[in-house]
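S.K.: Here's a structure for you.
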Amino acid sequence: MEMVKCFMIVLILGLCHVSMAAPLEEKKSSRKTYIVHMAKSEMPPSFQHHTHWYDSSLKSVSGSAAMLYTYDNVIHGFSTQLTDEEAEQLESQPGILAVLPEVRYELHTTRTPEFLGLSQAAALFPESESASEVVIGVLDTGVWPESKSFADTGLGPIPSSWKGACESGTNFTSANCNKKLIGARYFAKGYEAALGAIDETKESRSPRDDDGHGTHTASTAAGSVVEGASLFGYAQGTARGMATRARVAVYKVCWIGGCFSSDILAAMEKAIDDNVNVLSMSLGGGMSDYYRDSVAIGSFAAMEKGILVSCSAGNAGPAPYSLSNVAPWITTVGAGTLDRDFPAFVSLGNGKNFSGVSLYRGSPLPGKMLPFVYAGNASNATNGNLCMMDTLIPEKVAGKIVLCDRGMNARVQKGAVVKAAGGIGMVLSNTAANGEELVADAHLLPATAVGQKSGDAIRDYLFSNPNPTVTILFEGTKVGIEPSPVVAAFSSRGPNSITSEILKPDMIAPGVNILAGWSGAVGPTGLATDTRRVDFNIISGTSMSCPHVSGLAGLLKAAHPDWSPAAIRSALMTTAYTEYKNKQKMQDVATGKPSTPFDHGAGHVDPVSALNPGLVYDLTAEDYLGFLCALNYTEFQIRSLARRNFSCDASKRYRVTDLNYPSFAVNFDSVMGGSNVVKHTRTLTNVGSPGTYKVSVSPETPGVKISVEPQTLSFSQANEKKSYTVTFSGSSQPTGTNVFARLEWSDGKYTVSSPIAISWT
C-alpha cells in the first residue's frame with residue numbers, strides 16, 4: 001500500500017481504508033485498553049446503578065485503573081486500561097461477558113448528482129421539510145465548519161428530535177455549528193490512553209478537521225449546494241452532497257495515529273442518544289467475528305434503533321476475500337468510477353502518445369521536448385525506481401522528467417522527491433499491482449499517471465533510445481467518458497470471509513476522483529511541503545463511495561420515514577444496475593472484463609429507481625438474532641451483540657440461508673461428488689401498487705439448476721408479505737469454480753433484482 005506519514009496521507013490519497021491492526025500495546029507500560037462487556041441483567045441488587053457495579057468490578061482487580069468510557073446503547077459495559085493478568089481476572093468474574101482488547105482501525109461532488117440522475121429528479125424527492133428532518137452522522141476526522149458545503153442558507157429550525165451537542169475545544173466553539181452542521185463531538189480518551197496526549201500543535205483536540213478526510217465525506221453525504229466549485233479549475237461546476245437538505249452531525253474519532261475502538265464505540269453511543277437517522281463510517285473493520293468487531297457491535301445497536309449504518313468495503317482490491325464491514329446489518333459499499341476524467345498525455349520523442357491522468361495546476365512545462373530518465377537508472381538504491389525519499393541522484397535528474405514506478409510510498413510524494421532532486425516533471429507508471437486503474441492527483445510538479453501497459457512501453461523507449469525526450473500535455477476536465485461506471489481496482493472484493501452465505505459488498509457507488517469539501521489546515525496532497533490551500537479536493541477510495549450511499553439513504557428515509565434500515569438498503573440493492581444503457585455488462589477495471597457480484601454486489605446504485613422499488617426484503621433485529629443462532633454463536637457471544645438475554649430455541653432449525661437478504665450466495669462442497677442441494681427462503685413486502693410479479697433467473701448457470709417456488713406472487717395491498725423458496729441443485733465442479741446469475745421479480749412496472757453468486761469450495 002502506498003503510504004507516507006503513515007495515516008494522514010493514506011487518507012488523503014483516498015486509499016482510505018487499512019485492515020484492522022493487531023490489538024494495540026500501550027507504549028508506556030504493560031497496560032493496554034480493554035473493552036469490557038457486562039451482562040446488565042445480572043447486576044447484583046446491592047448496586048443502585050449499573051455504573052456503580054462496573055466501578056466495583058474494576059476496583060476488584062485494579063486499585064489504579066479508571067474507566068475511560070461507560071457504554072449503555074452500543075454495549076453494556078466500559079473501557080479501561082488493564083494488565084493482561086487483570087483482564088484475565090476480570091473476565092472470570094460473574095456478570096462479565098467478554099473482555100476484548102482495544103483495536104486500532106484506520107480510515108479507508110460536482111459530477112456525481114448528474115451521474116446518479118439526481119439533478120433531473122429533484123421533483124421526485126419529497127419537499128424540503130421532510131428532507132431537512134433527516135440527520136446524517138459521520139464518524140471520521142472531524143469537520144472544517146467554514147467550508148461553504150456546511151452553509152445553512154434556507155434551512156429551517158433544527159429538528160425537534162435532535163438531542164446532540166456542539167462541543168468546544170482547540171480552534172472550535174459551539175458557534176461553529178449552525179442549522180446545517182447541527183452537531184460536532186470528538187472522542188480521544190482511547191487514543192490518548194494508548195498513545196499519550198494529542199499534540200495540539202499538529203491536530204486540534206476538538207471536532208475541527210485538520211486532515212480533510214472528514215470534511216470530504218460529510219460534504220459528500222449532505223453538503224449544501226455550492227456554485228463555482230472546483231480544484232484548481234478541475235471538475236468545475238456546482239458541488240452538492242447527495243442529501244443537500246439533510247443535517248450533518250460529525251463525530252471525530254480518527255486522529256493521526258488511527259481510530260481506536262473504544263472511541264468509535266463511544267461516538268456511536270452518543271450518535272444513538274443524539275437521534276441521528278443515518279451513520280456514515282468510512283473506516284475499516286478488518287476480518288473479525290461480529291461479536292469481536294466494535295463497528296459490527298455498535299452497528300447492531302444502531303440498527304435496532306432504526307439507524308441505517310453505511311460503511312466502506314475497503315481498498316484492498318482487487319484481491320478476493322479482501323472485504324471489511326461485512327455484518328449483514330451493515331450496508332457495505334464498494335467503489336466505481338464516474339463518467340469524468342482528467343486526461344494528461346505523455347508525448348515521447350519517437351512520436352508516440354500515451355494517455356494518463358493528472359490534477360496538476362501550476363507553472364507549465366517549457367513548450368518543447370525535454371530530457372527523460374528512468375528513476376531506477378538515476379539512483380544507487382535497490383528500489384530506486386520507486387522514487388522513495390532521498391534515493392534519487394540530483395546530477396542525474398536535474399532539469400529532466402523522471403519516470404517513477406508506483407508502489408510503497410504515496411504517489412504525490414514521489415513527485416515531491418523528484419522535485420527536491422531537481423527534476424522538472426514526473427511520469428508515474430502503474431505496475432502489475434494496479435494494472436490500468438488511474439487515480440488523479442494534485443501533483444506538486446508537472447506530472448501524470450499512466451497504466452501498466454503504457455508504462456511498460458514508455459520504459460522500453462527509455463531503455464532503447466540513447467537520448468530519450470518527453471513532454472506532458474494537460475487536457476483539463478472531460479465528461480461523458482465511456483464505459484462508466486467501471487468497478488475500481490482498489491475496491492475490496494468478496495467472497496465474504498466471515499459468513500460466505502452473505503454476499504458482500506452490497507453495492508457500489510462513485511468513489512474515484514470525487515470532488516468535495518476540504519480542510520483549510522492542509523494542502524490537497526496532505527504533504528507537509530504542500531503549502532497550497534483549497535476549498536474543495538478530488539480524492540478516491542471506498543471512503544468516498546460510502547458517504548454517497550449514506551446521503552442517498554437519507555433521501556430515502558425522508559421519502560419513507562417508516563422504512564427500516566433493511567428496507568432502505570433493499571430498495572438501493574434491488575434497483576441497482578449491472579449493465580450500461582447499450583446492454584453491455586458493467587466492467588471491472590482490474591481485469592478489463594465484466595465485473596461480478598463479488599466485485600459490485602447488487603450493482604451500481606440508482607437512487608431515482610430506489611425511491612419507488614415496488615417490493616423490499618425487510619429484516620428485524622429478531623431476524624438477525626436468528627442469523628446469529630444459525631452461526632452457532634454461544635449465548636455469551638449473542639449477548640455481547642444483543643445486550644440482552646436471548647436464547648436460541650433448541651427446537652428450531654436456524655439456517656443462514658433463511659436470512660431475508662436481497663442477494664444470494666450459495667456454497668457447494670466440491671469434494672462431495674454427486675449433487676448438492678441448497679435452499680434459500682425469502683419474503684417480499686409490497687411498498688408499491690398492487691400487482692402480480694413473475695420470477696425469472698438468467699443467464700443459464702452451468703453446473704447448477706435454479707428453481708423458484710412459487711413462480712408468481714400477487715400483492716393486493718400495501719405492506720402485504722409473500723414468501724418464496726429458491727432451490728439450487730449443483731453438480732460436481734472443480735474447487736474454485738464460480739458462476740453468477742440474477743433473480744428478478746417483475747410485474748411490468750417494477751423490477752426487483754437480486755444477484756446470485758454460486759461457488760464450489
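Cβ from N, Cα, C; glycine included.
TrEMBL annotations: computationally assigned, not manually curated.
What TrEMBL lists as active site, charge relay system is ASP140, HIS213, SER543. As annotated by TrEMBL, compositional bias 'Basic and acidic residues' applies to 199-214. Annotation comment: TrEMBL describes 33-108 as domain 'Inhibitor I9'. Summarising the annotation, TrEMBL assigns domain 'Peptidase S8/S53' to 132-584. The annotation domain 'PA' is assigned in TrEMBL to 385-458. As annotated by TrEMBL, domain 'Subtilisin-like protease fibronectin type-III' applies to 658-758. The region 'Disordered' annotation in TrEMBL covers 199-219. TrEMBL lists 1-21 with the feature signal peptide.
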S.K.: Give the nonlocal contacts of the region 'Disordered' (199-219) in its own chain as ranges (CB under 8 Å, at least six residues past its ends).
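M.R.: Distant contacts of the region 'Disordered' (199-219): 8, 11-12, 16, 107, 136, 138, 140-145, 147, 149-150, 166-172, 176, 184-186, 188, 239, 241, 248, 250, 252, 254-256, 280, 282, 514, 516-519, 521-522, 526, 537, 539, 543-544, 546-547.
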S.K.: Write out the long-range same-chain contacts of ASP140 (active site, charge relay system), meaning residues 6 or more apart in sequence whose Cβ is under 8 Å from its Cβ.
M.R.: LEU107, ASP209, HIS213, GLY214, THR217, ALA218, VAL250, TYR251, LYS252, VAL253, CYS254, SER280, MET281, SER282, LEU283
S.K.: Which numbers of helix, strand and coil residues does DSSP report for the domain 'Subtilisin-like protease fibronectin type-III' (658-758)?
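M.R.: Secondary-structure breakdown of the domain 'Subtilisin-like protease fibronectin type-III' (658-758): 1 helix, 61 strand, 39 coil.
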S.K.: Tell me, roughly as an integer, the mean pLDDT over the domain 'Peptidase S8/S53' (132-584).
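M.R.: When the pLDDT values over the domain 'Peptidase S8/S53' (132-584) are averaged, the result is 95.
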S.K.: Taking the Cβ of HIS213 (active site, charge relay system) as the centre, how many other Cβ atoms fall within a 10 Å radius?
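M.R.: Its Cβ shell of radius 10 Å holds 32 other Cβ atoms.
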S.K.: Determine how many residues of the region 'Disordered' (199-219) DSSP places in helix, in strand and in coil.
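M.R.: Counting residues by DSSP class gives 7 helix, 1 strand, 13 coil.
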S.K.: Counting across all protein chains present, how many other Cβ atoms fall within 10 Å of the Cβ of SER543 (active site, charge relay system)?
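M.R.: Around SER543 (active site, charge relay system), other Cβ atoms within 10 Å: 34.
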S.K.: Go ahead and report the DSSP secondary structure tallies for the domain 'Inhibitor I9' (33-108): helix first, then strand, then coil.
M.R.: 21 helix, 27 strand, 28 coil
